[in-house]
């Protein structure tokens, strides 16, 4: 499995390298 960096869109399970998956105006991104 790979994780998403901050500023990238979250995967369906919301796995982020750092921070958390949050809903933004452009969809769900890692912050």
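Using the three backbone atoms N, Cα and C, a Cβ is placed for every residue, glycine included.
Not measured: the values here are computed from a predicted model.
Annotation for residue 3 (disulfide bond): same-chain Cβ neighbours under 8 Å, separated by at least 6 residues, are 15, 16, 17. If you look up Swiss-Prot, you'll see 3-17 (among others) marked as disulfide bond, on the strength of similarity to another entry.
Per Swiss-Prot, disulfide bond is recorded for 10-21 (among others). Taking Cβ-Cβ distances under 8 Å and a sequence gap of 6 or more within the same chain, the neighbours of residue 21 (disulfide bond) are 10, 14, 15, 28, 29, 30. Secondary structure at residue 21 (disulfide bond), as computed by DSSP, is strand.
Counted within 10 Å of its Cβ, the other Cβ atoms near residue 30 (disulfide bond) come to 22, all protein chains included. According to Swiss-Prot, the feature disulfide bond maps to 16-30 (among others), an assignment based on similarity to another entry.
When the disulfide-bonded residues 10, 16, 17 are compared by the number of other C-beta atoms lying within 10 angstroms of their own C-beta, 17 comes out lowest.
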